[in-house]
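A short write-up of the structure that comes next.
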Amino acid sequence: MSSYFVNPFYSKYKPGEALSPTYYDCRFPQDVTSRHAVVYGPSSGASFQHPAQVQDFYHHGTSALPNTGFQQNPCGITCHGDPSKFYGYDNLQRQQIFTTQQEADLVQYPDCKSSSSNIGEEPEHLNQNSSPTQMFPWMRPQAAPGRRRGRQTYSRFQTLELEKEFLFNPYLTRKRRIEVSHALGLTERQVKIWFQNRRMKWKKENNKDKFPTSRNDDEDEEVKKEQEEPEQETTEKETK
């Protein structure tokens, strides 16, 4: 560290120069700037004395400022106070105390290593008492509302039974829907969607808005057609 940083309040110019450096924001009297530069060395440290205000500023004789941690060079300036206050002396003592205290702790607790290795292991009685939890339908993970569900695939047996049920009655009641879902291993929603899709397919294929509910309806329609045909024949004969 240069001597200028040790004592920045004294001139760095040689004696006899006409100009002296100016100090910015200096709270000390102007006679400090007019003093000659001090040649630092082992011989000059005995005759050097700090001004009263400088000593108050650095050694906190009457100043209330906090400690700035300023350390003087012991080679160039006379040491003031106890040598135990030098830089690094306190740290060495603390380091030695820490090492001795750490060794005492290790001697006092020799089983620290063995106990720390068993932290991740669980006690055996906890594993023995733990039983598999019962899963309820509401505990199962459900798909997110914004996520699209996958396409449901039906087996050949399921499609055959559903087709039979559709031919018998294209509309299912709630009771019948529950019976079909339990018989085929499906949910009520899956059975409902299958019947909706099947009805739309039948309408597209036949171009009709209504479904034949039973065979009696078909027979009634045929009877009506047969009755209308002879009536038309009689009207034609009369016109002639």
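Using N, Cα and C of the backbone, Cβ positions are placed for all residues, glycine too.
Annotated DNA-binding region per Swiss-Prot: 147-206, in sequence order, evidence recorded as sequence analysis. Here Swiss-Prot flags 204-227 as compositional bias 'Basic and acidic residues'. The annotation region 'Disordered' is assigned in Swiss-Prot to 112-136, 204-240. According to Swiss-Prot, the feature motif 'Antp-type hexapeptide' maps to 135-140.
Residue counts for the motif 'Antp-type hexapeptide' (135-140) under DSSP, helix first, then strand, then coil, are 3 helix, 0 strand, 3 coil. Confidence for the DNA-binding region (147-206), expressed as mean pLDDT, is 88. DSSP states for the DNA-binding region (147-206), grouped as helix (H, G, I), strand (E, B) and coil, give 43 helix, 0 strand, 17 coil.
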